[in-house]
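Down below is the structure, laid out as structure tokens.
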């Protein structure tokens, strides 16, 4: 009963964090739309500043919000009865959408800069942002090739899984940091009278957007880093683990064949027989010393 109460309490905490993350992420997207429509003249695709406005909207919607959901999709308890393959497709699909939106947002920036004869790729924000997009694309391609397609050997998956998880979280945190740099840079360049330093309403509003992005990122990273919220390994699933390492429960792969299942059953039978034999020896030893 105590264990069940703890599980229910832990489940309630997860739902509270999940609801908070979804709410904060959704509000962040709404804030980005309010910013560009109320303060920045809206959206268009004509080489004007309105085309540039696609950049923050698509980055926050795709590269932050949708990527965050993709990170924790394995953690949703009501999906644990779904097949792991289905969840892989959902995870890959969300990341693909995020990547497409990020690429479109980059195109909008380059086209705007070229139309206005503004130099490209001169700021730290642009350097880190492009790097994040490149590594995110590589992460997605390697994820498809190694973890979604059935051709990669299990030892390779086991070796790459910790790298895949770590790099995904690192890219996500980098994207949020880059977004904060970008909105600050945009405010400094755009606000002239009054200046950004005078804290006009737009500056205050966008600073609040930045705080929302930080909170969203913190919630996602917290949920993704709690080991007790990992998706449980599927039945008859071979747990990925590096040589000499511990099982990687987050991304247990269902790669057991019928023959390996039979070997596993034989191993359990042999282990049970050995355990019973040890018990008999222990009982005999206890009787001999009484």
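The backbone N, Cα and C atoms fix where each Cβ goes, glycine too.
Feature annotations, reproduced from TrEMBL:
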- 261-290: compositional bias 'Basic and acidic residues' (COMPBIAS)
- 20-225: domain 'Cytochrome b561' (DOMAIN)
- 235-290: region 'Disordered' (REGION)
- 14-37: transmembrane segment (TRANSMEM)
- 57-77: transmembrane segment (TRANSMEM)
- 89-110: transmembrane segment (TRANSMEM)
- 130-151: transmembrane segment (TRANSMEM)
- 163-183: transmembrane segment (TRANSMEM)
- 203-224: transmembrane segment (TRANSMEM)
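In this chain, the transmembrane segment (130-151) does not touch the transmembrane segment (203-224); fewer than three CB pairs sit within less than 8 A of each other, excluding pairs fewer than 6 residues apart.
Below 8 A, the CB atoms of the transmembrane segment (163-183) and the transmembrane segment (57-77) form 3+ pairs separated by six or more positions in the chain. Counting same-chain residues at least six beyond the ends of the transmembrane segment (14-37), those with a Cβ under 8 angstroms from any Cβ of the stretch are 43, 50, 53, 56-57, 60-61, 64-65, 68-69, 72, 75-77, 202, 205-206, 208-209, 212-213, 215-216, 219-220, 222-223, 229. Sequence-remote contacts of a segment are chain residues at least 6 beyond its ends whose Cβ falls under 8 Å from one of its Cβ atoms, and for the transmembrane segment (130-151) they are 63, 67, 88-89, 92, 95-96, 98-99, 102-103, 106, 121, 157, 160-161, 164, 167-168, 171, 174-175, 178, 251, 253. Beyond the transmembrane segment (57-77), the same-chain residues lying 6 or more positions past its ends with a Cβ under 8 Å from any Cβ of the stretch are 11, 14, 18, 21-22, 25-26, 28-29, 32-33, 36, 43, 87, 90-91, 94-95, 97-102, 104-105, 108, 132, 136, 168-169, 172, 175-176, 179, 182, 209, 213, 216-217, 220, 223-224, 229-231, 250-251.
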